[in-house]
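S.K.: Below are the structure tokens for one structure; questions will follow.
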Amino acid sequence: MTKEQLQQFFVSQGDKSFRGTQVYEWLWGKGAHSFDDMTNISKETRQMLDDNFVINHIRVDQMQRSSDGTIKNAVKLHDDLTVESVLIPTPSRTTACVSSQVGCSLDCKFCATAKLKRMRNLNPDEIYDQVVAIDNESRLYFDKPLSNIVFMGMGEPLMNYNNVLKAIEKITSPEGLGMSPKRITVSTSGVPKMIKKMADEEVKFKLAVSLHSAIDEVRTSIMPFNATFPLNDLREALEYWYAKTKSRITYEYVVWKGINDRRKDVEALVKFAKYVPCKVNLIEYNPIGDDHFKQAPDETTDMYVRELERNGITVTVRRSRGKDIDAACGQLANKS
Ligand code: SAH
């Protein structure tokens with residue numbers, strides 16, 4: 001329920017609308033899981049709330065810790081489905097990697113989540129609650145609040161756009177967690193229509209695109225939906241995004257042996273990366289038990305770095321975190 005709905009409910013009960021604000025703050029500001037926690041509300045009122053409502057909060061069913069400090073939460077939803085979210089600590093920041101869907105509707109060949117198929121979209125509160133759970137863990141284990149959020153868990157955020165946006169509104173609002181949108185990154189495999197919509201709405205968070213190839217034929221072979229949303233449409237949408245937001249795009253890119261390790265793959269990426277101000281993140285491949293995909297050797301990654309840098313494009317090589325607990329990119333599949 002919105003704050004207004006809660007206020008109206010209390011007024012309809014002959015109480016003050018202020019009571020609705022209090023309940024709302026308990027739910028969203030303090031993450032209360034039970035009406036009994038709401039100590040500034042009378043016992044009778046709490047009982048009345050308990051008789052009339054349920055709090056559909058998520059429950060961290062299982063928490064695993066990696067040898068590198070990464071934490072993975074298996075999160076049970078009210079209908080018994082599970083999603084995963086990850087806390088990635090570094091000396092300077094702690095990042096939450098959250099899920100937006102149960103499973104995924106896309107079919108990227110190299111991703112474990114894709115094998116689950118999409119079961120349903122997460123509600124805004126289910127997304128928000130994952131962040132709250134990780135924020136609590138960050139305070140508990142690392143003595144500091146969460147600093148960044150990436151929508152790089154399970155699901156395609158732009159296929160659940162409205163709920164993701166509502167969750168981000170709550171995360172950034174002073175009544176929620178009051179986080180700056182600049183510390184939030186939404187990662188998409190590239191849905192041109194939705195990228196344009198976000199640009200029109202002048203959203204303030206950052207955009208990352210899982211590119212993996214700048215050649216249509218190759219990209220379609222590993223990300224089949226590219227046949228529907230080819231690179232030209234993606235390019236056009238990204239140009240539109242940059243014109244409206246002036247916000248630099250991050251491309252995520254894995255280099256695989258025998259798939260995108262040729263010179264012409266590098267050249268195509270260099271060309272694509274020049275369309276819109278961007279940076280390229282070369283990410284490590286995390287095996288998902290499929291022999292078709294193998295990380296290219298370091299020399300190939302070096303060739304990518306050299307060529308991108310020679311062309312004035314910012315490039316970083318990112319090592320995976322949490323591999324030993326299947327918490328790394330593309331490994332989220334509710335295995336344990
Ligand atoms: N659907 C969104 C959000 C998922 S983000 C998107 O595609 O961007 C997860 C990131 O991990 C994406 O960049 C994805 O391409 C990448 N990824 C998927 N499987 C991977 C794997 N096995 N190893 C490394 N990265 C992978």
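Cβ atoms are placed via backbone N, Cα and C, with glycine included.
Copying in the features that TrEMBL gives for the protein in this structure:
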type     : residues                                               : note
ACT_SITE : GLU84                                                  : active site, proton acceptor
ACT_SITE : CYS329                                                 : active site, S-methylcysteine intermediate
BINDING  : CYS104, CYS108, CYS111                                 : [4Fe-4S] cluster binding site
BINDING  : GLY155, GLU156, SER187, SER210, LEU211, HIS212, ASN286 : S-adenosyl-L-methionine binding site
DOMAIN   : 90-324                                                 : domain 'Radical SAM core'
S.K.: For ligand 1, pick out the recorded positions GLU84, CYS111, GLU156, LEU211, CYS329 that have a CB under 6 angstroms away from one of its atoms.
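M.R.: If the test is a Cβ under 6 Å from any atom of ligand 1, the answer is CYS111, GLU156, CYS329.
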S.K.: At the level of the C-alpha atoms, what whole-angstrom distance separates the residue listed as 'active site, S-methylcysteine intermediate' and ASN286 (S-adenosyl-L-methionine binding site)?
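M.R.: Per the Cα atoms, the residue listed as 'active site, S-methylcysteine intermediate' and ASN286 (S-adenosyl-L-methionine binding site) stand 7 Å apart.
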S.K.: Near the Cβ of CYS329 (active site, S-methylcysteine intermediate), how many other Cβ atoms are there if near means within 10 Å?
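M.R.: CYS329 (active site, S-methylcysteine intermediate) is surrounded by 27 other Cβ atoms within 10 Å.
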S.K.: Within its own chain, what residues at least 6 apart in sequence put their Cβ under 8 Å from the Cβ of SER187 (S-adenosyl-L-methionine binding site), listed in sequence order?
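M.R.: Long-range Cβ contacts: VAL150, PHE151, MET152, PRO157, LEU207, ALA208, VAL209, SER210, GLU252.
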S.K.: Would you kindly give the Cα-Cα distance separating ASN286 (S-adenosyl-L-methionine binding site) and CYS111 ([4Fe-4S] cluster binding site), rounded to the nearest Å?
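M.R.: Cα to Cα, CYS111 ([4Fe-4S] cluster binding site) and ASN286 (S-adenosyl-L-methionine binding site) are separated by 9 Å.
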S.K.: So which other residues, same chain and not among CYS104, CYS108, CYS111, have a Cβ within 8 Å of the centroid of the Cβ atoms at the [4Fe-4S] cluster site?
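M.R.: Along the chain, the qualifying residues are LEU106, ASP107, PHE110, ALA112, THR113, ALA114, GLU156, SER189, GLY330.
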S.K.: About how far apart, in whole Å, are the alpha carbons (Cα) of HIS212 (S-adenosyl-L-methionine binding site) and CYS104 ([4Fe-4S] cluster binding site)?
M.R.: 18
S.K.: Find the one among the recorded positions GLU84, CYS104, CYS108 whose C-alpha lies closest to that of GLY155 (S-adenosyl-L-methionine binding site).
M.R.: CYS104
S.K.: Across the domain 'Radical SAM core' (90-324), what does the mean pLDDT come to, as a whole number?
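M.R.: Taking every residue of the domain 'Radical SAM core' (90-324) together, the mean pLDDT is 95.
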S.K.: Please report the distance from the Cα of CYS108 ([4Fe-4S] cluster binding site) to the Cα of GLU156 (S-adenosyl-L-methionine binding site), rounded to the nearest angstrom.
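M.R.: With the alpha carbons as reference points, the distance is 11 Å.
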S.K.: Between the binding-site residues CYS104, CYS108, CYS111, LEU211, where is the Cβ count within 10 Å the lowest?
M.R.: CYS108
S.K.: What is the number of other Cβ atoms found within 10 Å of the Cβ of SER210 (S-adenosyl-L-methionine binding site)?
M.R.: 23
S.K.: Expressed to the nearest Å, what is the distance separating GLU84 (active site, proton acceptor) and GLU156 (S-adenosyl-L-methionine binding site) at their Cα atoms?
M.R.: 14
S.K.: What count of other C-beta atoms do you get within 10 angstroms of the C-beta of GLU156 (S-adenosyl-L-methionine binding site), across all chains shown?
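M.R.: If we count other Cβ atoms within 10 Å of GLU156 (S-adenosyl-L-methionine binding site), we arrive at 26.
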S.K.: Within 10 Å of the Cβ of ASN286 (S-adenosyl-L-methionine binding site), how many other Cβ atoms can you find? Include all protein chains, please.
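M.R.: That number is 20.
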